[in-house]
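Chemist: The following block contains the structure, expressed as structure tokens.
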Number of protein chains: 2
Amino acid sequence: MKERGILAVVSGFSGAGKGTIMKALLERYDNYALSISATTRKPREGEQHGREYFFVGEEEFEQMIAEDRLIEYARYVDHYYGTPKDYVMSQLEAGKDVILEIEIQGALKVKEKFPETLLVFVTPPSAEELKRRLVNRGTETAEVIEARMKRACEEAEQMDRYDYLLINDEVDLCTEKLHRLIQAQHGKMTLHGEFVSRMKQELKDISE
Amino acid sequence: MKERGILAVVSGFSGAGKGTIMKALLERYDNYALSISATTRKPREGEQHGREYFFVGEEEFEQMIAEDRLIEYARYVDHYYGTPKDYVMSQLEAGKDVILEIEIQGALKVKEKFPETLLVFVTPPSAEELKRRLVNRGTETAEVIEARMKRACEEAEQMDRYDYLLINDEVDLCTEKLHRLIQAQHGKMTLHGEFVSRMKQELKDISE
């Protein structure tokens, strides 16, 4: 029987480099599956259904809620966002380590439902560096940058509810750290109930 | 300021290969300090004071208890064994990751006092393999082997109180796994209170 995968949630300030780390992680290792969120917002240019998001209608989304087919969901600025349960569960059962890249509120809901979930918060080494990264993207207006910094300020209030902190100094190193952190979770005692039971029985049998 | 070290307890059945793994870990990496226990039993041939154990008298040991200079202690077969606090604390403060190789009862006491302690239980892949290893040592009588298997049987009842399970299939791999597991703990959110406070403050300052 294949060992069940680890469920990990990765959150962090916009500009912390989560996306780059996820991409590097998936390119480097084949044991990960990145969960794809469902949303009722319209696809932006270049976005594909089933790649960036599952784009669904309002009614369909509400039906998913009613049928308990989402691990977590939230409404931001007139749109729903949520994590479909089926995909996550089937990947975990297939032995894949599943990563959800979601917001703090969603992360805490997932942890409540599945206490074994690993919550990782990604941050740049300083607020100044966060701002520098947002500015250097060159794609955001000053207003957007300001809004993101304000949002980071609010998010920081909850970051200590995460299990692990990942300071993104350098992408390669950070990717490797995240990989090792998730892999280490495979050793958690709570995941080895079957092994423990078998060992207890064998030791009884052999000592008699 | 140097980051504080991780306190890890490694326990496991006699014959699981703990000693070999500890040796390999200390040879391979220089960030570890192995705590040395104090005991009132007499040194065996080849054992050195301050290397295998601190050999102390009964009265001295009881004074250490009275002065709260032991993290944990227990009495086995007429002798005291305990973990001196000073060494562990000074090594942790110097940034070393400190490993205690102690019994289950001691491990649980340490965890009670210091909830951040990482408890790791080392086991061979099966009871049969455990017995094979004990027999292959060639140094133990059949009675000793039988007693160890009985003891393992009792210890197995408590193994699920540990945080992580480390199945020792192969020493090199197992050493590396233990190393990565301990290193991953440096990311624990609870160890980064200072960083989190600084980040919150910086974000406030920069967003104003």
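Just so it is clear, glycine is given a Cβ too, placed from its N, Cα and C backbone atoms.
The feature domain 'Guanylate kinase-like' is assigned by TrEMBL to A:5-183. What TrEMBL records for A:Gly12, A:Phe13, A:Ser14, A:Gly15, A:Ala16, A:Gly17, A:Lys18, A:Gly19 is ATP binding site.
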Chemist: Can you give me the residues near the recorded ATP site, meaning same chain, not A:Gly12, A:Phe13, A:Ser14, A:Gly15, A:Ala16, A:Gly17, A:Lys18, A:Gly19 themselves, Cβ no more than 8 Å from the center of the site's Cβ atoms?
Modeler: A:Val122, A:Thr123, A:Pro124, A:Arg133, A:Asn168
Chemist: With an 8 Å cut-off on Cβ-Cβ distance and a minimum sequence separation of at least 6, pull the same-chain contacts of A:Gly12 (ATP binding site), or say none.
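Modeler: A:Gly12 (ATP binding site) has long-range Cβ partners A:Lys18, A:Phe121, A:Val122, A:Thr123, A:Leu166, A:Asn168.
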Chemist: Out of these binding-site residues, A:Gly15, A:Gly17, A:Gly19, which one has the fewest other C-beta atoms within 10 Å of its own C-beta?
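Modeler: Across A:Gly15, A:Gly17, A:Gly19, these binding-site residues, the one with fewest Cβ atoms within 10 Å is A:Gly19.
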Chemist: Given a separation of at least six residues and a C-beta threshold under 8 Å, show me what packs close to A:Ala16 (ATP binding site) in the same chain.
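Modeler: Listed in sequence order, they are A:Val122, A:Thr123, A:Pro124, A:Leu130, A:Arg133, A:Asn168.
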Chemist: Averaged over the domain 'Guanylate kinase-like' (A:5-183), what pLDDT does the predicted model reach?
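Modeler: It averages 94.
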Chemist: What's the number of neighbouring CB atoms sitting within 10 A of the CB on A:Ser14 (ATP binding site)?
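Modeler: Step by step: centre on the Cβ of A:Ser14 (ATP binding site), count other Cβ atoms within 10 Å, giving 18.
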Chemist: Per DSSP, A:Gly17 (ATP binding site) is which: helix, strand or coil?
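Modeler: Once the DSSP labels are grouped into three classes, A:Gly17 (ATP binding site) ends up as coil.
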Chemist: Which residue among the binding-site residues A:Phe13, A:Lys18 has the fewest other Cβ atoms within 10 Å of its Cβ, if you could check?
Modeler: A:Lys18
